[in-house]
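Here is the structure we will look at, set down as structure tokens.
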Amino acid sequence: MVLCIGNKSILTITNDPHIVKRYYFSEQIETIVLKLPPIIYTKTAGDTGEIVDNDGEDSSKSPNQMNQEKRHFVFGQLSQSEKYLAICDNFKNLIVYCTKEWKVLASFVIERKCDHVIFNEKEGKLIVSNRSGWIYGYQLVASELKDDENGETFLLGHNAIILDLKLSLDSRYLASCDRDEKIRISNYPNCYNIESYCLGHTQFVSCLAFINEQLLISGSGDGTLRVWQFTQGKELSAYSFANDISAKDEKVAPLAIHSSSINDQIIVTVTFYNSSIFVTYKFDTKSNCLEKITSTDVKHNILYSYTFNNQLVCFIDDKNNFVSCQEFKIVNEKLEILKIDFKIMETLAMDDQLVETFLNEKRTANKIEWLYKSSHDHHNEYFERKKERQETKMVKKIKSS
Amino acid sequence: MATKVIDPPQKRFYRQRAHTNPIADHCFDYPIRPDLMKWNELYPNYDQNGEQVEYLDVGCGYGGLLVTLASVYPDKLSLGMEIRVKVCDYVQDRIKSLRSESPGKYDQIACIRSNAMKYLPNYFHKGQLSKLFFMFPDPHFKKTKHKWRIISKPLLADYAYVLKVGGIVYFGTDVEELYNWMDSHFNEHPLFKQLTEDEISSDAIYSKLFDCTEEGQKVTRAGGKKFLAAYKRVEDPYSR
């Protein structure tokens, strides 16, 4: 089962049979039986020199072996306007639907499982990152293609797993961050031209958010949120969040950063892996620093969060009540956070199987312990032996003289 | 005061197998960002406000090219990067010995142990380098190991990032298949353009590249083939 969340509706896609259920916030529910294009069998990863991590993924499976597998969906993403839905199946077929008449707009076979899929501003292109740290662009409108193109363009590659991917507000830059502490700012769509690197984090960079046309905020396993003048790769401020979420022994890293402007104030809300607390900050445009306004505890670990219209929706690790919604308001120059209820969420929550599948999936996906790097030094031995060798030589010299 | 001349290092103490996994987590000491690099620990008389490192030999091996760079470009700072601990240690000892033997002549070359695939932007600012060398890189013949090659589609963007416009990248090998691989990658990248015959003939280092590296001398002795090319970093042809 795949859950896709948009500003107007939430989609669930079940596998057997392939049915999309669309729950509008206006409380209308739509059911669609998906017509799937035939399976295109996968290319073999590694042919292009791509970095393949050894997670034992099925790149070696023959079409015959795969034939016996049932087709199921592993990933889904709605476009901003919700006009399009991109879904990826276990055969690494990436299919894009028009959500109006549920026609297939385009379909591609991708090399590796995708981690992040984003639509560009005009929703004519898809940007897809895969498990190997490579990012590809896909052209959705076939009429804009030249004859020799299949719609796929290699955009860029990281040397480590990509943890977040965001397009700048003006779509001129693509920001990508990885396990190797790096944030890369590439020109878009000419991503081969790196605009800058934002370097300063000392652990994996888990999420990114553009706040305006100059500034980017990043969150990392090193316990900080940093603000960047991103085209220069210049760090403007670093904020240590550990005290805001009363982190116990557990490793806590930012899950998502949401930035919105309310009454000319930039409000930044951050949710965290392994934490039930989200923290709301005010971004001070003079000092470029974050100032904490408040921490809010939703009682169960937050697994997924998103914002729209100054509302924050958190999916939390609680079977009985897995969605928590809050509204942000500024009253008398003070920020107020009000809990709100969406009927549609209650309807969603009643589907036990959906809740169970979703929670399990997110719990697994949100394991971050392995992202932390520990340093180990196995070269001391060599240098000790060298020292010994040199000392013996000295002794010999002294003896012989 | 007469300084004691340090004996040159003996290779037999520094041998190490040729292949290293460049993807794995290794223990590396690297600056978080270029401003924090302590170049003065590598280069005597390093001036923070003066010349920056401009030439980089990626996978410098036993340092033959670095030593040549010191004499061909005595006023430029050159750095060798080598991923193998013992080999890097050999080059460092070699430079120490050379410096003690001819004071002042080898102060502008140094070698560090690092992984160029991962850490170039940690050491160098955008457009800081004017020459980048890849001489006899590990061919990683097996298809599954192609991802470990130092020249690959994603990495070219990083090389273009550290090179200034007009800067030159050189690559050479005795393996024809690897040469074709490297050449086609540079050829397809919009930020690189092959050097013309004229540009090559006026280049001070191009003709010396094979004879100065240890691997190149080995190939000459064995009578093997050598393949060499150079590309220039150009402005991005993309316009909005």
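Including glycine, each Cβ sits where the backbone N, Cα and C put it.
Of the residues B:Gly59, B:Gly104, B:Gly127, TrEMBL puts just one in the S-adenosyl-L-methionine site with B:Glu82, B:Ile83, B:Asn115, B:Ala116, B:Thr213, B:Glu214, B:Glu215: B:Gly59. Taking a C-beta cut-off of under 8 angstroms and a sequence separation of 6 or more, B:Ala116 (S-adenosyl-L-methionine binding site) has the following same-chain neighbours: B:Val58, B:Gly59, B:Met81, B:Ile83, B:Ile150. Every protein chain considered, the tally of other Cβ atoms within 10 Å of the Cβ of B:Glu82 (S-adenosyl-L-methionine binding site) stands at 28. Each of the binding-site residues B:Thr213, B:Glu215 was scored by the number of other CB atoms within 10 Å of its CB, and the largest score is that of B:Thr213. Across B:Gly59, B:Glu82, B:Ile83, B:Asn115, B:Ala116, B:Thr213, B:Glu214, B:Glu215, which the record gives as binding S-adenosyl-L-methionine, the greatest C-alpha separation is 21 Å. Of all Cβ atoms in the shown protein chains, 18 besides its own fall within 10 Å of the Cβ of B:Asp138 (active site). For B:Asp138 (active site), the nearest of the binding-site residues B:Asn115, B:Thr213, B:Glu214, B:Glu215 in terms of C-alpha separation is B:Glu215. Under DSSP, B:Gly59 (S-adenosyl-L-methionine binding site) is assigned to coil, being neither helix nor strand in the three-state scheme. Around the Cβ of B:Glu214 (S-adenosyl-L-methionine binding site), the same chain contributes B:Gly61, B:Tyr62, B:Gly64, each under 8 angstroms and 6 or more positions distant in sequence.
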